[in-house]
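Okay, structure first, notes after.
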Amino acid sequence: MRNPWAQTGNYRTSYAQDTTIFANYREIVSIGLLLIGLCLLPTFLERSQVLVLNFILIYAIAVLGLNITTGYAGLISVGQAAFMGVGAYTVALTAPHLPFWLTIPLGGLTAALVGFLVGIPSLRVKHLYLALATLAFQEIFVWVVGRSPALAQGAAIPVEMRNFLGLEITFRNHNYFWYYVILLTLVVLVIAWRNLLRGKYGRALIAVRDNDRAADAMGMNPGRTKLFAFALGALYGGVAGGLLAYMQRAVVVEEFTLVRSVALLAMAIVGGLGTVVGSLLGPAFIELLRLYVERLSEWMKGNALIQSITPAGVDVASALLPLSFGLVIVLFLMFEPRGLYNWWRLIRSYFRTWPFKY
Amino acid sequence: MELVQNLISGVAVGCIYALAALGFVLIYKSSRVINFANGQLIAIGAFLAYALAVWVGLPVLLAMLLAMLLTAGLGFLVERIFLRRLVGQPIISVIMVTIGLASVLDGLMYLTPFGSGNFTFPQFLPPGGLNLGGLSVSYPQLLAIGFTAVFLLIFGWFFQRSVLGIAMRAVADDQMASMSLGVSVEKVFALAWAVAGLAAAAAGIVVGAVSGLNQDGLIAIGLAVFPAVILGGLDSVPGAVVGGIVIGILQSFSTAYLDGLLAQIGLVGGGSQYAVPFLVLLIMLWFKPHGLFGTEEIERV
């Protein structure tokens, strides 16, 4: 490696290189530029656009967690939204007493504990059964919240935070303040994600996912490895839920239903399972899709021609969202199972080797 | 007496679950795919029957039969168009495709008037019901029980006697071996989906006759099938029936007895019949994940 700047691939020639996070200097520079760009981004955007960005980043955190359970451990989870809900309700209940930098980790830990309990079957059965355990948890969670007067029976519980270190958080700067909090959390969690999964534990997870019997023979405990992955995925979900609670200034149970869990799964698939880049691209794609589908259905509601050709009693607007989500999941799985990450990888490798193709 | 009355209504509801679970178990048995779109198949079957009977104006029984066949065709198409291409992909992708399909079918149903609003079948059963010494069994309930019994007999014959049924059992048992003996595994998969569609439509039609048609309600039945099959064992047909009936009885009892108890400990609003089956599912997964009749997986290296 004479000139690290002219490098065309990752040629790792020593153990020290093999253990680095970043393969080459370009990655460090590009990630630095990306971070600077993300820090400056809100200055160019309006308040409502920052709100969309906040949602994308929050879902990115939840999808990162889902990528541990589904992407790395190979356990389908249709309950990630419920884990977000556990975090959000923990925050809602503790926010009046504790500062936000305590309540959000607390929400994550509570979610991890619940995830641990839900994941117990993974000690005994193969991954397919666990999908049903998460489904059961998702349904029970929504039911319990809807029946508990302590949780307002699923109606909005306000989560207030008026000032932070003397900075007054008003209607005007609310979105901007939480943008930076969410961004910081995301960066910390991405670093943790990368470090955890490139180490011994992450390799154990991959081994268990690809062949649990062989992993067992090599001295790993498949059940425990999966259970830990499950709790960890729930922790990420809980943190995302806590941030969502503060960002929306309220907790409502509608945010944490099965539909949202499926949407999170769609984000993970569309982005590309098991990748950091995918965890960012997936939520961005799905959230923007949702935004535009909603705009389209608003437009259709206002358009007299379309109104006149739809038969009475048909609500086209509410049909578009599940239709587009489902189609995106199905089409990506059929035609691009590695997700948007794969496109990004192809583009990147094109520019890296430009002007020569190898 | 009240206990027995609740038991009867539970069995009637449970029969619907058993019917819906049957198709689910068939798919799982033959291809190891957990079908998350089962509830949508149930709903589509029921709506097709309604549309044929009311909008087209066919006789009710003919409409039901036709709806069942059409839903079977839909199941066949789903297998042919989506799942056949994914043979050889990790099973996780296949399951996630069924989740996506569920969403697509949901959207398609919202495009019809069925997406919003309630519908009831034209009255084809006499009102009231049988009176058996103080116990009343309504005709829709009898229909549910009878329908399920007939279906189970037909399925039993199909799997025990017919060549196709035996081929399906062979594929469920050992895909490789049956393939080498000349069984077309692809045909069996397609057939499993078709039969699943048929059974789902049957369940949907019975629900329609018992309690009316509503998209959310019908899809909820598809979800309640999961506790039933886990209870009975994911790969056991008799288990699906027993599990379905047990879940039905549990739901009936929890509406009758548990709601009041829960209100005392601070869970207001009732509706524990929606949560109890899933609690059963979790508990079963904790303690006996292969269910009452399921085969425990023994792995040989």
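Cβ from N, Cα, C; glycine included.
Keep in mind it's a predicted model, so treat the numbers as computed, not measured.
Here TrEMBL flags A:28-45 (among others) as transmembrane segment.
Proximity of distant same-chain residues to the transmembrane segment (A:52-78), defined by a Cβ-Cβ separation under 8 Å and at least 6 residues beyond the stretch ends, is recorded for 41-42, 45, 84, 119, 122, 127-128, 130-131, 134-135, 138, 175, 178-179, 182-183, 185-186, 189-190, 193, 197, 202, 205-206, 208-209, 225-226, 229-230, 232-237, 239-241, 243-244, 247, 258, 261-262, 264-265, 267-268, 271, 273-276, 278-280, 282-284, 286-288, 291. The transmembrane segment annotation in TrEMBL covers A:52-78 (among others).
What TrEMBL lists as transmembrane segment is A:98-120 (among others).
If you look up TrEMBL, you'll see A:127-146 (among others) marked as transmembrane segment. Residues 73-82, 85-86, 89, 114, 118-119, 121, 153-154, 226, 230, 253, 256-258, 261 of the same chain, all 6+ positions outside the transmembrane segment (A:127-146), place their C-beta atoms under 8 angstroms from a C-beta of that stretch.
Annotation comment: TrEMBL describes A:177-197 (among others) as transmembrane segment.
Marked as transmembrane segment by TrEMBL: A:227-247 (among others). When Cβ-Cβ distances below 8 Å are used as the criterion, the transmembrane segment (A:227-247) is approached by residues 54-55, 58-59, 61-62, 64-70, 72-73, 75, 77, 80-81, 83-92, 95, 100, 103-116, 118-120, 122-123, 130, 159, 161, 175, 178, 181-182, 185, 189, 193, 196, 201, 205, 255-256 of the same chain, each at least six residues removed from its ends.
Nonlocal intrachain contacts for the transmembrane segment (A:267-293), taken as residues 6+ away from its ends with a CB within less than 8 angstroms of a stretch CB, comprise 52, 55-57, 59-60, 63-64, 66-67, 70-72, 190, 193-194, 320-321, 324-325, 328-329, 332-333, 338-342, 344. Per TrEMBL, the feature transmembrane segment maps to A:267-293 (among others).
For A:314-335 (among others), the entry in TrEMBL reads transmembrane segment. Outside the transmembrane segment (A:314-335), and at least 6 residues removed from its termini, the chain residues within Cβ reach (under 8 Å) are 259, 262-263, 265-266, 269-270, 285-286, 289-290, 293-294, 296-298, 300-301, 306.
If you look at the transmembrane segment (A:98-120), the same-chain residues 6 or more away from its ends with a CB under 8 A from one of its CBs are 75, 79, 83-84, 86-88, 90-91, 130, 133-134, 137, 161, 164, 181, 185, 226-227, 230-239, 241-243, 245-246.
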